[in-house]
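Listed in TrEMBL for this protein:
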| type | residues | note |
| --- | --- | --- |
| BINDING | A:TYR124, A:GLN186, A:ASN209 | NAD(+) binding site |
| BINDING | A:SER233, A:GLN255, A:HIS258, A:HIS323, A:ASP356, A:GLU410, A:HIS415 | substrate binding site |
| BINDING | A:GLN255, A:HIS258, A:ASP356, A:HIS415 | Zn(2+) binding site |
| ACT_SITE | A:GLU322 | active site, proton acceptor |
| ACT_SITE | A:HIS323 | active site, proton acceptor |
2 protein chains.
Amino acid sequence: MNKIYNPKPETWSNILERPTKTVDDIEATVKEIFKEVQKKGDEAVAKYTSLFDGVAFKNIEVSSAEITEAISKVSNELKAAIQLAKSNIEKFHAAQKTERVQIETIEGVICWQEKRPIQKVGLYIPGGTAPLFSTVLMLAVPATIAGCKEIVLCSPPDKNGNINPAILYAANLCGVTKILKVGGIQAIAGLTFGTETIPKVYKIFGPGNQFVTVAKQLATQFGVAIDMPAGPSELLIVADDTAVASFVASDLLSQAEHGVDSQVILVSTSKNFIDAVETEIQEQITVLPRKEIAEKAIANSKLIFVENDAIALDLINEYGPEHFIVCTACDDFYIDKIENAGSVFIGNYTPESAGDYASGTNHTLPTNGYAKNYSGVNLDSFLKAMTFQKISEKGILNIGKAIEIMAEAEGLRAHKNAVTLRLKAIENEK
Amino acid sequence: MNKIYNPKPETWSNILERPTKTVDDIEATVKEIFKEVQKKGDEAVAKYTSLFDGVAFKNIEVSSAEITEAISKVSNELKAAIQLAKSNIEKFHAAQKTERVQIETIEGVICWQEKRPIQKVGLYIPGGTAPLFSTVLMLAVPATIAGCKEIVLCSPPDKNGNINPAILYAANLCGVTKILKVGGIQAIAGLTFGTETIPKVYKIFGPGNQFVTVAKQLATQFGVAIDMPAGPSELLIVADDTAVASFVASDLLSQAEHGVDSQVILVSTSKNFIDAVETEIQEQITVLPRKEIAEKAIANSKLIFVENDAIALDLINEYGPEHFIVCTACDDFYIDKIENAGSVFIGNYTPESAGDYASGTNHTLPTNGYAKNYSGVNLDSFLKAMTFQKISEKGILNIGKAIEIMAEAEGLRAHKNAVTLRLKAIENEK
C-alpha cells in the first residue's frame, strides 16, 4: 500500500493515474473476426467458438428445456436472493420513468419530448470463473421496464457447452427474449451485423475482457451504440475517525478482489485512521480465496492523507471515481458537492457490495474517469428521447418572421421559403 | 426524382440505403494532427490554422472588444429573431429538468438518482459559407441551463481572421465562457488534449465536415465523450391528399439545399399527391440560390407510393429519419406508433425550418439511422446521472443475507465479507 501525505495538487494527476492499456495489437484480431462474421455469419461464429471456447454446436440458442433444467439446478436460497435483488432494482429503475415533457413555447407552438424504447438490445454477460448473474439483473430489468422488444443475451459456453444455471435463471426471470451460447469478439460481431441465428441489435450493453471491450468500440463504427467505454473497476473511499476501520478495509478488499488492475483508494483527514485501515487490510486479506488477485491490487492501492475535507473533495472530483464511499463527520458536504462519481455509498452500513447486488441502483458504472462525462446504466440507457412539434396558423405567424430572418442570414433560402409560402397562404385566406 | 410504387418490404433496405463514406484516407491525417497537437499544443494548432485557414494569430481567443464590435454589426432585426428563438429553446429545454428520483426500495435502503452538469464542454461551430449561429443557440442554451461551468466554443476564422458576428453575438448572449478562433481537426484535438490556450473538455458537441466528424470519433478514444455520430442531414415526409403539395415541396427543398448528399424522401398513399409535389419541386427549385446543391440532392430523392398507412409506418420505422414530417388524415396514428425518428413535425403549418430555428426543439439530431439508438441533443446531453444510496442498520439487515448469498455464488468472498462484518457488528450491539 502506498501511503501519501498531503500531496500537492499539481501531483494529483500523477498519483491518481489509472493504468493504461495498449489495444493496438488486439485491434487487428478484432477487426479480422468482425470481417469474417460479417461475411460468413454463423459459420464464422462457430469457428471462433470452437477455437476460443473449445466447443462445437449445432444450435447456439438456449432451448426452453435447457432453461427448465437450469431453473431446477439453482438453489431456492439463491433464487430468493435473486428475486429480492430484482425487486429492488425494478423499483428503483421504474421510478426513473419520465412523463412526456410538453410546453407551448409561444402561442400556437406546442413542443414535446417523449422517450421511446430502443427496439433491439444485446446484453453481454462474461463467462469464466465468476458467473455474473447479477449483471443480468442490472441490464435485463431496465430493458424490460423500458419496453425494448428484443432483448438478446449472449454469454460464452463452458467446456461442456453450457451457460451457468444462475445466469439462465436470471435471464428467464427478467424477460430476456433470446439467450445465445456465444461469447467474446464473435458475439459482439454477431450482434453488430446479425447472422442467421444472432439478431442484429441497435445497442450493446455489458462488461467483458479487453477483447470484448475493443470489439464493442469497433461495433460503434458500424452504427451500433454501446452503453459506455469500459475500464478496470475502481473504488475511492473518503473516511475519517467516525468510520469503522474494519468496514472500510472490507470495502477496499471487495474492490481489490475484482482484478489485479482494480483501483483502490482511501482518502482521509486522519492519519490514525489510515494506519488502522492498513492493519485491518493485512488481517482480512489472509483468508480470501481470491487473495492473490487482491494482494496485487492492494499493492498498487493509495492511502492518501489530506489536511481537510475541502482538499479531499477537490482531489476526488479530479479523480471521478466509479464507486465512491463517503463515511465522515460531514457526509452532506460530500453529497452536495461531488461533481464526478458513478455511484455514491453513504455511511457505515452502505458497503459497495450493496450496490453491486441488491440495493436497487445499477452496478454498470463509468470507470476510468468517465464519471466526468457519462452516466451509469439507468432506465434512459434503454430509451431514446424524441421531440415533436405541432404549430398552428397562429403559431407560424408568431415565429415565421424570425425563421425567415435567421434562414436568410444563414444563407438558406429554401428554409426561408418553406415559411414564406405558409405565411402567404394564411394571408390569402383572410 | 425516383418514383417508386409499392416497393416490396424486402427491397426497402436497398431503396432506403444511405450514402456511405470511406474515411480510411482521412483517418491517417486526423491521427497525425492529433499526435502533433498532443505533443506541441498551441504551436501545432497555429501551424494547421495557418495551413488550412490561411491566417496566423498571436492570440486565438476572441477578446471582449471583438465581441462588442460584433454585437454592433448584427442588425437589430436579426438580434430580435435570435432572441425570440433563444427564448423558445430556453423554455423547452428548461422544461426538461428532472427532479431527484428517490425511493426506499426496501425498509432502510434509500436510493436516489440526481443529474449533475458535465463540468467542461466544447461546442464546435463550423465556418464556411453559412454561419451557423442557430447551432450556437441549440448547444449553448441547454449547456447553460444544465449548469456546465466551462462552455468553450471553437469556430474557424475566415481569411481575415474573424468569426462571423452573428456567431459571436449568439455565443455571448447564450453564456459561452470562452470563444476560440480555431476550426477543423486542430480544434477537436485541442479540446481533447488541452493546449496552453484551448481548455481540455469532457464532451464535444456540434456538426462539422467529414474531417471534424472523424476527429470527434477519434477524440472518444482519448476519454472525451461526443454528442453523437454524424452523417448527412435527412428528411422523410409522409403526406396524403390532406397536405398541401407546395408546402411539402418547399420542405423537401429546404432539406435538399443542405448538401448534395442530403437525403430527401416522400412517402404517400396518393399517387396524385406525389405527382403534384414533383411538379411543385420543379417550379420552386429554379429560384433557389443554392439550386445546384439542391438539384443534386433532389436527383437522388425518393418519392415512394405505398398502399396504406400501416405499410408506410413500417417503412418509416425501418428508415428511422432524422426529421420526420407528418401531414396526413391520420396524424395521430403516426405520432403514436413512430418508433425511430429524431424530431417529428406535425401538420401543414409545421415546416422543418421551424425546428431548425425557433420552435424550441433542438436541431442537433441523429442522422444515418441513429434515430434507432440515439437521442437528439437535449438537456440531459449536458448532464450525467449519478446514483446515491444510504443504508441503515435496519436496511442492511433486510438485504444483507441476499447479498451474502449472491456474492458467494459469484465467487466474490470479499464482497460477501463486507456485509458479514457489518451484520456481525449489529448482532454484537444487541
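Cβ atoms here come from the backbone N, Cα and C positions, even for glycine.
Automatic, uncurated: that is what TrEMBL annotation is.
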Completion exercise
CA pair A:ASP356 (substrate binding site) / A:TYR124 (NAD(+) binding site), Å rounded to integer, equals 17
Practice task
Spatially speaking, which of the binding-site residues A:GLN186, A:SER233, A:GLN255, A:GLU410 is closest to A:GLU322 (active site, proton acceptor)? Use C-alpha to C-alpha, please.
Solution key: A:SER233
Fill in the blank from the handout: Of A:GLU322, A:HIS323, A:ASP356, A:GLU410, A:HIS415, the recorded positions near chain B (CB under 8 A) are A:ASP356, A:GLU410, A:HIS415
Fill in the blank from the handout: DSSP output for A:GLU322 (active site, proton acceptor) maps to coil
Exercise for the section: Tell me, if you would, which residue among A:GLN186, A:ASN209, A:SER233, A:GLN255 (binding-site residues) has the fewest other CB atoms within 10 Å in the structure shown? Expected result: A:ASN209
Problem - Protein Cβ atoms within 10 Å of A:TYR124 (NAD(+) binding site), excluding its own - result: 27
Handout entry: Among A:HIS258, A:HIS323, A:HIS415, which are binding-site residues, the residue with the most C-beta atoms within 10 angstroms of its C-beta
Key = A:HIS415
Handout entry: Other residues, Cβ within 8 Å of A:TYR124, A:GLN186, A:ASN209 Cβ centroid (NAD(+) site)
Key = A:PRO126, A:CYS154, A:PRO156, A:GLY183, A:GLY184, A:ILE185, A:ALA187, A:ILE188, A:GLY208, A:PHE211, A:VAL212, A:ALA215
Practice task
Please report how many Å separate the Cα atom of A:GLN186 (NAD(+) binding site) from that of A:SER233 (substrate binding site), as a whole number.
Solution key: 24
Practice task
Using all protein chains in view, find how many other C-beta atoms are within 10 Å of the C-beta of A:GLU322 (active site, proton acceptor).
Solution key: 26
Fill in the blank from the handout: Rounded Cα distance, in Å, between A:GLU410 (substrate binding site) and A:ASN209 (NAD(+) binding site) is 48
Exercise for the section: Using all protein chains shown, find which of the binding-site residues A:ASP356, A:GLU410 scores highest when you count other CB atoms within 10 A of its CB. Expected result: A:ASP356
Problem - Distance, A:TYR124 (NAD(+) binding site) to A:HIS258 (substrate binding site) (CA atoms, angstrom) - result: 18
Practice task
Give me the Cα-Cα distance between A:GLN255 (substrate binding site) and A:ASN209 (NAD(+) binding site), rounded to a whole Å.
Solution key: 17
Exercise for the section: Compute the C-alpha separation of A:HIS415 (substrate binding site) from A:ASN209 (NAD(+) binding site), stating it in Å without decimals. Expected result: 49
